Amino acid sequence: MSIQFTNTMTRRKEEFIPLEPGKVKMYVCGPTVYNYIHIGNSRPAITFDTLRRYLKYRGYEVTFVQNITDVDDKLIRVANEEGVTVKEVADRYTDAFNQDLHNMNILPPDIQPRVMQTIPEIIEFIEGLIEKGFAYESEGDVYFRTGRFGDYGKLSHQPLDDLQAGARVEINEKKEHPLDFALWKAAKDKEVSWSSPWGDGRPGWHIECSAMALKFLGEQIDIHAGGTDLVFPHHENEIAQSECYTGKVFARYWLHNGMLNINNEKMSKSLGNFVLARDLIQQFGGQLIRFFMLQGHYRNPINFSDELLEQAANSLERMKTAYHNLGHRLETAREVEPNGQAEQQAQIISDLRNRFIKEMDDDLNTANAITVLFEVVKEANQYMTSQNVGVQEIRAYKELLLELTDVLGLILEQEEELLDSDIDALIVERTEARASRNFARADEIRDLLAAKGIVLEDTPQGVRWRRK
Ligand SMILES: [Zn+2]
């Protein structure tokens, strides 16, 4: 069996064949770091982390790049409002983003490039496009000449004429055509800027991904992914820039996840249903959010509500309970002589694993893969109640659960991370212990917090803490 993905480019399910056997070059668009991420942003993060884990499980060597957009209008606005630099805003929310990812057991990207560190490559890219006639300078801005790329609209399946008809007529005297988009923006007053052949300015949004993919993965990549909201114009524009620059097909497989609704409504600030990932993580734990997201097929929309989350919590608990029971039975089970039952169990376990793989091979169907996981739970529970329970079989079930949940990034064994309130309470206890010269207890608390990734800092204002 081979792995199949639904490719947005062809709108078909296709067999996955990487450019180089055994290796996968993967690019996933990252956040604009002007705020904490909302729960909708965590969906692509969880989905494509699962894809990355699965490809590794299937033996591929995966290079995973995810950019950080650390320069844009929104960042500049926040920096101005707060009277700090754009970099300070970007650093704060990049750290917060990485912390949120960690809390949902999302592996850090192999490379996490930032715009501010990629300016020379972006300028070189734009210069190349101008040289080839695909871009033009206009009063310090540079625009991509959309009409020069015959394939424009191929990802979103919208011919250029349709796009033109639907385009908001924007009054921009600087552009040759309304669909042309900015590669470089001339600096306005006191804005963060870099010098370029076109004067001081900063890159447009789309060009960063093309330049970063080229820099870190080369001219062609295997998988490019993100939310469906990025198909047009962002990914369409990335394709236009990259393919005009290199003359080659940019990405072979385009994967897009569906949107997340809250109580069947689109999430938006105006509806007042805007939920930050970190608030939910704080309340319910990152594991539950991850499990919840994977219960649906990534391409479909997903609805989020407290009730659905509660149902997911019960399911996840059932899986954890089975795992713990297996561990408990392992202590009491004994080695038995190989018998017919052992063979039968080995067959069941092997079949379950194969079915899990088959579902995941089929366009990363985590929804069905989780159904198979619950069959593992069912079979394991049933086996534990049978007579002559063998230690090997119990171990095999336990290992199978561990193996398959690990592919999904679910953790069965880890203790939940400490909540902020627990940390505060421990810090108070530590302060009291020190005041009463109980240094052993104070050190014990420090070590316990350190083991949970909590770093303490003694300051004149008292003890401060942060998560590593
Ligand atoms: Zn991008």
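Backbone N, Cα and C define each Cβ position, glycine as well.
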| note | motif ''HIGH' region' per TrEMBL, picked from 20-30, 31-41, 75-85, 405-415, is residues 31-41
| Which is it, of 266-270, 386-390, that TrEMBL names as motif ''KMSKS' region'? | 266-270
| query | Besides Cys29, His234, Glu238, which of Cys209, Cys244 does TrEMBL list for that Zn(2+) site? | reply | Cys209
| Residue with minimal Cβ packing [other Cβ atoms within 10 Å] among the binding-site residues His234, Lys269 | Lys269
| remark: Lying 6 or more residues past either end of the motif ''KMSKS' region' (266-270) yet within Cβ distance under 8 Å of it, the residues of that chain are 38-40, 259-260
| message | Out of the binding-site residues I have (Cys29, Cys209, Lys269), which ones have their Cβ sitting under 6 Å from ligand 1? | response | Cys29, Cys209
| field | Lys269 (ATP binding site) - helix vs strand vs coil (DSSP) | value | coil
| field | Cα distance (Å, whole number) from Lys269 (ATP binding site) to His234 (Zn(2+) binding site) | value | 22
| query | By the DSSP assignment reduced to helix, strand and coil, which category contains Cys29 (Zn(2+) binding site)? | reply | coil
| note | In this structure, the one of the binding-site residues Cys29, Cys209 whose CB has the fewest other CB atoms within 10 Å is Cys29
| Candidate nearest Lys269 (ATP binding site) in space, where candidates are the binding-site residues Cys29, Cys209, Glu238 and distance is Cα-Cα | Cys29
